[in-house]
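Chemist: What follows is a structure written as C-alpha cells; I'll ask about it next.
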C-alpha cells in the first residue's frame, strides 16, 4: 500500500490524525523534497512516529521506481508538503503505483491554494493560478504576465506561485518576483501592472511567522519579506464587500 | 482567543494535530453547520476531545455575536468543514472578532479546492470556480453557465460547486446539476455543453466512499451517484499529458 500523505503548510503538527495513522503503520516513510520545502527540522516528527524520514529528491521521484516497488511489498508513506496531487509529479507516482497493482490512498491537507479567501477576496473571483519562473539572461518567458492580464480583463484575481529550486536552495522572493513582473510588463508592452499597482505579498503562509502585506509595488520594493516561501496575489477590481473586508484586514 | 479550525473533508480524523490541540484547549467548541455538513456522527470526536460540540447554524453565525463575545473571555474553537475562510461567512466572523480585540488563529485544512489535480488535470489549467444554485420556477440564473463558457473559451477547466441548503436538508446531486446545466445551455442559446460533453462527477470527495466518474453527460444522467456532497468538473480541451493521465486514471 502507498499512502500519499499531505504534510500541510509548515509544522509537523499540520499533519492530520489520518495522516499520522498512515505514517505510523508504514514500514518506510519518505518526504518529497523536490517540489517544496518543509518549514521545520524533522526531529520532533521522527520522535513522534518512532522512525526515520527519508528525503525523496528529484532523482528518487522521477528516475526510479524504488518507492513504488517497495510499496508492492509493504506499507510506504510519501509525505508531500502541502497537499498531494497538486503537482503532476505526484499524480505520476500514483499512476505508476496503480499500474503495478499497488493500492494508493491519498490523504489530503491544506496547501497554498487555501490562501484564496485569506485576504478578504472572494475565492470565486480568482482566475487561473500562475507560476513565475526565474528569468535568465537569455530566457525570459512572459506567459505568466499574459495570464495575469487575461485574468484581470475578466475581473479575476491571480494567485502567483514563485519559483523554487530546492537543489540550488533558491526560493524566489517577493522582490525578485515584482522585478520580473515589471520587466515582463516592459517586454510585452502591456502596462497593466506598474509601480502604483496594489498587490498582496503572502509570506510563509500557514506558519507562525506568516505575513500578508497589501501595498503598492513601488513601496513593496523597498522592504524585505524575510524567509521563504513567498507568493503574490494580483487583485482585479475589488467589489464593495471585498473592499470592506480588505480595508478591515489591512488597516 | 478564537480558533478557526479546518475540520477537513470527511472524518474527525481529518483534523490536524494543531487543530486538535486548539480544540482541546478551548472552553467551548462549535461546528459551523450552515455552509456545509460533516460526514460522520460527532460521537467519536466528542469522546476524543472530552467535551460537547455545539452546532452553529445560520442564525448563530450571522445574527448574533455570541461566539465572538465568548471568545473575548476564554478560548473558543469554531470548527469549519473543509478549510476556514473559503466562504465569506468565516472571513466576516474573523473581522468582527478582531474589531472587538480578540486574537484569531486560523488552522487551515483540505477543502473541495484540493480536488484540483485529482482527476489528472493540471491545477494551473483551472479557471474561476463556479457555484450552481437551485433553480426555481421563476428564478433561473445562468451566470454560472456563462462563466463555464468563458473558462472554456480560455481553454480552462471549471470546478462547479453544487448548492447546499442545510436548513432544508437538500444537497444538489450530479443529476440535478446536469439537468440545470442543459437548461441553462438552452436558455442562453450557447450550446457548448450538451449530452455528448464529457465531464467529471466528483462524489463524497475525501471520504472512504469517494467516487470520481468521467463520462458523457447523456450517460451520467442514467445513473445514481449516492449520498452527498457532489461536485462537477467541466474540462476544457485536454493537453497531451492530461489526456494520458485521465486515460490511466479512468480506464
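Glycine residues also receive a Cβ, built from the backbone N, Cα and C atoms like all the rest.
Annotated S-adenosyl-L-methionine binding site per TrEMBL: B:9, B:111, B:112, B:162, B:230, in sequence order. Per TrEMBL, domain 'Tetrapyrrole methylase' is recorded for B:1-220.
Help me see these features in their spatial surroundings.
Modeler: Cβ neighbours of residue B:162 (S-adenosyl-L-methionine binding site) (same chain, under 8 Å, six or more residues apart in sequence): B:131, B:132, B:171, B:172, B:173, B:174, B:176, B:177, B:229, B:230, B:231, B:232. Mapped onto three states, the DSSP output places residue B:162 (S-adenosyl-L-methionine binding site) in strand.
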Chemist: Roughly where does the domain 'Tetrapyrrole methylase' (B:1-220) sit in mean pLDDT, to the nearest integer?
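Modeler: Mean pLDDT across the domain 'Tetrapyrrole methylase' (B:1-220) comes out at 94.
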Chemist: Using the centroid of the Cβ atoms of B:9, B:111, B:112, B:162, B:230 as reference, list every other same-chain residue with Cβ within 8 Å of it (recorded S-adenosyl-L-methionine site), in sequence order.
Modeler: B:36, B:82, B:115, B:161, B:202, B:205, B:229, B:231
Chemist: List which of the binding-site residues B:9, B:111, B:162 have a Cβ under 8 Å from any Cβ of chain A, in sequence order, or say none.
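Modeler: Cβ contacts with A, in sequence order: B:9, B:111.
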Chemist: Name the residues of the same chain, 6+ apart in sequence, whose Cβ is under 8 Å from the Cβ of residue B:111 (S-adenosyl-L-methionine binding site)?
Modeler: B:6, B:9, B:82, B:83, B:86
Chemist: What's the longest C-alpha separation between any two of B:9, B:111, B:112, B:162, B:230, the listed S-adenosyl-L-methionine-binding residues, in angstrom?
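Modeler: Farthest-apart Cα atoms in B:9, B:111, B:112, B:162, B:230 are separated by 16 Å.
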Chemist: Give the sequence-ordered list of residues that share a chain with residue B:112 (S-adenosyl-L-methionine binding site), lie 6 or more positions from it, and have CB atoms under 8 Å from its CB.
Modeler: B:9, B:82, B:159, B:161, B:205, B:229, B:231
